[in-house]
Each structure stands twice: as C-alpha cells, then as structure tokens.
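Peer 1: Marked as S-adenosyl-L-methionine binding site by TrEMBL: Ile140, Gly141, Asp142, Tyr143, Val144, Leu145. Among the features that TrEMBL reports, compositional bias 'Gly residues' is placed at 261-270. As annotated by TrEMBL, domain 'tRNA methyltransferase TRMD/TRM10-type' applies to 1-236. Per TrEMBL, region 'Disordered' is recorded for 258-280.
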Amino acid sequence: MRLDVVTIFPEYLEPLNVSLVGKARARGQLDVRVHDLRAWTHDRHNTVDDTPYGGGPGMVMKPEPWGEALDSIMASGEAEGLVKPTLIVPTPSGRPFTQALAVELAERPWLVFAPARYEGIDRRVIEEYGELLEVHEVSIGDYVLAGGEAAVLVITEAVARLLPGVLGNAESHRDDSFAPGAMADLLEGPVYTKPPEWRGRSIPEVLISGHHGRIARWRRDEAFRRTSENRPDLIERCDPATLDKHDRALLAELGWEELPGTGGATGGARFGRPDRPVEE
Ligand code: ADE
C-alpha cells in the first residue's frame, strides 16, 4: 500500500518510522511519503492560510497549495502505475472513523491524507477532488484537536495492522473489539499472563482449567460485563438473534431487558435498563 501525507508539520509524522508501521515500511509492505505543503507555495513567507470569508476567528487553509500538492502527488503515483488514490481528510466534522472504515481503507492500494491546521481547508478543495476521487472526511472522535496530523497517525495504525502480513499472528485481529465476526460489537474482556500470582492477586481459575468451552464462555461473559459498563450503547443496539440463553440470563443479571417491538429495521434500541435512562 502507498500512503502520502501532505502537512505543514512533516516532523509530526515521525512516529510512522517506529513500531508496527515503521516495520511494515522497512519490509516494503507500506510505502509512506510525507510531503511539506509549503513546498507548493510561491511567496516569500510560504503562506498556506488566509482570513475566512464572512469573518470569524482563525484562519483557513488556502486552496492553491493544496491543489498543486494533490495534483503533483496524483501525477507521481500515476507515473508509477497507480490509478487513483483515496483521499482522506481528517476533520472533527467528518464521519466517525470506525473499524469497518479501517477494513475498507485497508483494501485500497493508495491513500492520500490531507490533515488541516487552523479552521480547516477551503471547501472548494474537497469539492474539486470529490469529483475526481473517492474522498472521506473522517473524525477520530468527538473532540477537537489542533490539527489532523494525530488523526493521520491513528488512522494509519488502524489500517496498517490489517494489511496482510503486517501483524505477526494472522489470528490476532480476529477477536479485536469491533472486528466483524466472532465477538462482534462487544468490547474485549481482561487478559492475564504469568506469573500466576502477583502482589497477592491471582488469575481467574477458569483460565488454567484447560477447558476450552468454559474459557470461551467466561471470555464472552467478561466481554458482556465490560461492554455493559463502558459502552451501554452497544448493548442497546445488540441483535437478540446473536444471543443464547446464557447471554440473555447474564444481560438480565446486569439489569438489561429486551424492549418489545423495537429495533430491527428501525435500528433503535433493542435492549434497555428500566432503572437507568437511555444512553445518548
Ligand atoms: N482534526 C481536529 N480534530 C479532529 C478530530 N477529532 N478527528 C479528525 N481530525 C481532526
């Protein structure tokens, strides 16, 4: 996979040289190219921003350097036989970045990231490239960062670990929280390793029972407990068809009830806790 990042802070992307992403680069599984947006400015001050039309606080990134940067990167990829990149614009106004989107992006041969600083990029850039490319405006969470570079690091790591051969153990993302499949839509429960006793704390007996069925059931129960505690919204939307008798009993013990005549096609809450208000 080729990955281009255009930024006014190339040094912010240094972490792409270490750990999983760094190793994937060294092995040739990822071709990462970080570009300084100011290389595509032509004035003495290398200006990339200007005041917003209509007034208001802050500055807006000018369209011309972005246009030149993206055209030049697209031409360089095309010269190397690539067709069109997928453009990712991190912004708190974008659609939420999820594991499902990470999986989708991991299938693309070429991603270009356009992280903004200031109040964002002149809208015409998104419109222009939206007509040429697949463009995703993506938010990594409901908070506002000073710029999109940290979001690029987050998205890159989530995508890179899904590329074939990047994670040591091919099994290791099968059970990820949010991975489609086995423990779909449940958070992962706690994990333990040696020693069996640490500071007077032992590990749950079941994990050394050698009984795979009981271990799997225990892990599922813990996943439900953790999800109920930390992400009640996932329990509310949980598909009753994926639950067995034991799951239902545990959810009842945790205070959940199946709501009659809800969910399904409407996508509303299917479970609720009568003693608590519905989560936002
Ligand atoms: N830029 C600033 N805040 C951001 C966020 N939450 N997600 C993505 N990009 C951002």
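Cβ atoms are placed via backbone N, Cα and C, with glycine included.
Fair warning: this is a prediction, and the values are worked out from it, not measured in the lab.
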Peer 1: On average, what pLDDT score does this prediction assign to the domain 'tRNA methyltransferase TRMD/TRM10-type' (1-236)?
Peer 2: 95
Peer 1: Given the binding-site residues Ile140, Val144, Leu145, and counting only Cβ atoms in the protein chains shown, which has the most within 10 Å of its Cβ?
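Peer 2: Buried the deepest by this measure is Ile140.
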Peer 1: Using the Cβ center of Ile140, Gly141, Asp142, Tyr143, Val144, Leu145 as the S-adenosyl-L-methionine site position, which other residues in that chain lie within 8 Å, going by their Cβ?
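Peer 2: So the additional residues around the site are Pro92, Ser139, Ala151.
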Peer 1: Other than its own, how many Cβ atoms are within 10 Å of the Cβ belonging to Asp142 (S-adenosyl-L-methionine binding site)?
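Peer 2: Excluding its own Cβ, Asp142 (S-adenosyl-L-methionine binding site) sees 7 Cβ atoms within 10 Å.
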Peer 1: Name the secondary structure element type, per DSSP in three states, that contains Asp142 (S-adenosyl-L-methionine binding site).
Peer 2: coil
Peer 1: Tell me which binding-site residues (Gly141, Asp142, Val144) have a Cβ under 6 A from ligand 1; sequence order is fine.
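Peer 2: From Gly141, Asp142, Val144, counting a Cβ under 6 Å from ligand 1 as near, the near ones are Gly141, Val144.
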Peer 1: Under 8 Å Cβ-Cβ from Tyr143 (S-adenosyl-L-methionine binding site), six or more apart in the same chain: what's there?
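Peer 2: Same-chain residues close to Tyr143 (S-adenosyl-L-methionine binding site) (Cβ under 8 Å, separated by 6 or more) are Pro92.
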